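Q: Encoded as structure tokens, here's the structure I'll be asking about.
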Amino acid sequence: MSELLQFLLSGVTVGAVYALVALGFTIIYNASDVVNFAQGEFVMLGGMITVFAHAAGAPLPLAALAAVVATAGLGVAMNKLAIEPARGAPVVSLVIITIGASIFIRGAAQLVFDKQIHSFPAFSGDDPFRILGATILPQSLWVIGGAVAVFIGLWLFFTRTLLGRAVLATSNNRLAAQLVGINTPFVMTLSFALSAGIGALAGVLVTPITMTSYDVGLALALKGFAAAMLGGMGNPKGALVGGLCLGLLEGLTAGYISSQYKDAAAFIVILAVLFFLPQGLFGRKSTDRV
Amino acid sequence: MRLTVKSATLLGLVALIALAPLFFPSGFYYRVGALIFVNGLAVTGIVILTGWAGQISLGHAGFAGIGAYACALAPVHWGLHPALAVVLGAGVSAVLAWLVGRPILRLKGYYLAVASLGMGILISMVLNNERALTRGPDGIEVAELGLRAVLKDAGLELSNGQFWYFLCGLVLLAGAWLALNLHDSPTGRALRALHGSEVAARTVGMDVARLKLQAFVISAVYASVSGSLLALQNKFITPDVAGFMHSVEMVTMAVLGGVGSVFGAIFGAAVLTLLPQVLTVFAEYEQLVLGAVMVLVMIFLREGVVPSILRKIRGGGE
């Protein structure tokens, strides 16, 4: 019993990270129909910038804030320099652009930082809590709490503020949104900033547990993408549920089946979802007008 | 005399394969050339799938992995001749592509990209983890094809580099010829039609899902054979051949050169195969440059380098 609980707890922790990455995918996908494969690099940058700012003497909270802001800025730059100039290009081109951007960011990180594995101290120490025979690190609670806070914050933003509703309107119908006076290029910029910032936050929260290096982004991007697909691409609720399901599944696979194949869970899920449930758990059925 | 695209492409390739060795300063360049041809073959498959049928695959390296490991494992475990192992690999790849593609390609949109991504990563995971069979990430040696010795007995003595250069060149030529024939066949026209508009293609009675599936299976076979050739040539293979980055490379090569044209795509394969060789001096900057090239080409030369240049030469076009 305590064993199962342990697997579930570690699954939820990882799942919270996947959910944040999936949320990043969702925000950009909604605003621009682009599947941003550089999403994982934002997570990597969040961790790496914090590590280096902290090593340079900045207190941890300040270093983390700097990392989130800098990464959000980079997201905006990526939108301006790589995505906006290619507006209207076919999907293949956009996919390649975001993959290219991701390789570029990885290459730059390797030059600016280094190729070592880094970490920084957990926010509230390393003494685990005991729950019914299982243990959980305080940092895991930070990760889960951070994910919950981000989701509540975003939900309020999208439903209670004018700007948030403008973003929703743009994702529903860009042209119509433009016609009622919504500044859609700004919505795009905002979406990239939000998505990059959320990715960086995930990186900051999880680095004390998993550590980080310049090349952790790709795996995270693929998992986050799987989570987004599972939940239904373009649906924030789906991102949350998809991320948690994927994390739990991975935790259970690692515990009961094989830790070597825990990463396979995500991709088997992708294939199963596509075969049996192509819209994802929360996706809408869509029909096209011809 | 006006050349058709098909004969121009094939003549260009023949000239390139035959004349390039005259300029090789050392034997090493045969090896680079052979690598270009191997990549060119895989990329020709991508042209069929992406350029003509309009589908994206992010898992084609998985098929290359199947082709490569078929050559590594089948001769050892079942005593199959390496040449037959190539066929076996292609067969397995085709069946797998059919199984994965059949449910997915009934859907519209980027679902194939996602499904193939998952499939490719699963294949590479199996190759990495089933150490008892594949010896894991360290790689495994591959049997000698044996054709070079046969040629030697027949009086044609080639160095190892030369042999693989010409063999891969010939296979690429055959692959390009088949692809170009397909392009002009009813199936090829149907593929291009559904790329234009799936709804329109369905309205005139085309079995859209089946056509897309055919393109996927054919391109999987190309990737598989290219993986086999790579393994046989190196006599050694690691699971990296099936890695996600290799899939991305294939698509990038095709799109960089021009995904609608066989010659363009092979040109893209040549550029991206040469780039790391040139950049070894700046190994640190390799990823940076590769990423920047991908983004810039997609923004400024959307159709790919070769078609964009051809259009300039012809004076504007549209």
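FYI, residue positions are counted from 1 along the chain as it appears here.
Quick reminder: no glycine exception, Cβ is built from N, Cα and C everywhere.
Unlike curated entries, TrEMBL annotations are predicted automatically.
Copying in the features that TrEMBL gives for the protein in this structure:
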type: TRANSMEM; residues: B:7-24; note: transmembrane segment
type: TRANSMEM; residues: B:30-49; note: transmembrane segment
type: TRANSMEM; residues: B:56-76; note: transmembrane segment
type: TRANSMEM; residues: B:82-100; note: transmembrane segment
type: TRANSMEM; residues: B:109-127; note: transmembrane segment
type: TRANSMEM; residues: B:163-182; note: transmembrane segment
type: TRANSMEM; residues: B:215-233; note: transmembrane segment
type: TRANSMEM; residues: B:253-276; note: transmembrane segment
type: TRANSMEM; residues: B:288-310; note: transmembrane segment
Q: Other than its close neighbours in sequence, what residues sit by the transmembrane segment (B:253-276), given a CB gap under 8 Å and a spacing of at least six beyond its ends?
A: 5, 8-9, 12-13, 32, 35-36, 39-40, 42-44, 46-47, 50-52, 172, 176, 179-180, 183, 286, 289-290, 293-294, 297-298, 303-308
Q: Check the transmembrane segment (B:7-24) against each of B:56-76, B:82-100, B:163-182, B:215-233 and return whichever range has the most CB pairs under 8 Å.
A: B:163-182
Q: Taking the transmembrane segment (B:163-182) as reference, which of B:30-49, B:82-100, B:215-233 has the most Cβ pairs under 8 angstroms?
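A: Selected stretch: B:30-49, with the most Cβ pairs under 8 Å.
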Q: Establish whether the number of Cβ pairs under 8 Å between the transmembrane segment (B:82-100) and the transmembrane segment (B:30-49) reaches at least three, counting only pairs separated by 6 or more residues.
A: no
Q: Which sequence positions outside the transmembrane segment (B:215-233), separated from its termini by at least 6 residues, show Cβ-Cβ distances below 8 Å to it?
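A: Non-local partners: 34-35, 38-39, 41-42, 44-46, 48-49, 52-53, 55, 57, 60-61, 63-72, 82, 85-86, 89-90, 92-94, 96-98, 101, 105, 112, 142-143, 145, 164, 167-168, 171, 175, 182, 191, 241-242, 250.
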